[in-house]
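Single-structure report; data block below.
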């Protein structure tokens, strides 16, 4: 591809992911809190539910959610926010998760250990006669099972509390497809949409998040063979480079190539289930 081709695709992706050219953290806080409040009221439901991992994304989305239900209550609408801890056994960075909960200050906190359910599903697959090709493949699939079990737990609580499940996907993760389809990607509302990673961090900082939360190394921590593996190691590019791409800045050719490869390979993750009416005929 030529430089002009790269730039053209970059502009199209930025528009698709709704990344604004201008950014003001305080304005984004006000806009997103209002969005969350208006949406919950419009549904007639009463509760927001979100899993808190300890990272900056869930911490930021959680604090925005809590502020939105407080705004609703001040306006006379009964609303609550439930923050869920969803460890797989003992979480390696549990101290970070507890720090995040203290920052979010949710109306209610629940802890559900997903390990028994995730391990049971893996065991059931083995009992069926299914065999994985390698231990690494099994570990990867098991990691996605954990992510989906976490969403099962959140929807169970939402179903019992007249609730809506919040997701933490933002423009950088959406660009790279770095989420589990129907796991952490399977939510009802995405208050961080349109923000790249550095802007999520700026919002967290403006909300009063301490630097240990704001600058925590992002990790999905789903694979037991590679615990706490940083997202950037999986990407092969840094969040700064991804964020530059999303802000329309020029990046190195290898960054363009890597970002576009991830974006194209994960297109199906950003789409609703396909039907024959969606599939191109040409």
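Keep in mind that glycine also has a Cβ here, set from the backbone N, Cα and C atoms.
Some features that Swiss-Prot has for this protein:
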type	residues	note
BINDING	51, 52, 53, 54, 55, 56, 57, 58, 168, 197, 219	ATP binding site
BINDING	57, 173	Mg(2+) binding site
BINDING	148, 181, 188, 268, 269	deamido-NAD(+) binding site
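DSSP assigns residue 268 (deamido-NAD(+) binding site) to a helix in the three-state reduction.
Ranking the binding-site residues 53, 55, 57, 219 by Cα distance from residue 188 (deamido-NAD(+) binding site) puts 57 first. Largest CA to CA distance in the deamido-NAD(+) binding set (148, 181, 188, 268, 269): 18 Å, whole number. Within 10 Å of the C-beta atom of residue 53 (ATP binding site) sit 26 other C-beta atoms, taking all shown protein chains into account. DSSP gives residue 51 (ATP binding site) a strand state. Taken residue by residue with DSSP, residue 168 (ATP binding site) is part of neither helix nor strand, so it is coil. The binding-site residues recorded for this entry are 51, 55, 173, and the Cα of 173 lies nearest to that of residue 269 (deamido-NAD(+) binding site). Taking the Cβ of residue 57 (ATP binding site) as centre and 10 Å as the limit, one finds 24 other Cβ atoms among all the protein chains shown. Comparing the Cα of residue 268 (deamido-NAD(+) binding site) with the Cα of every entry in 51, 53, 55, 168, 219, these being the binding-site residues, the smallest distance points to 168.
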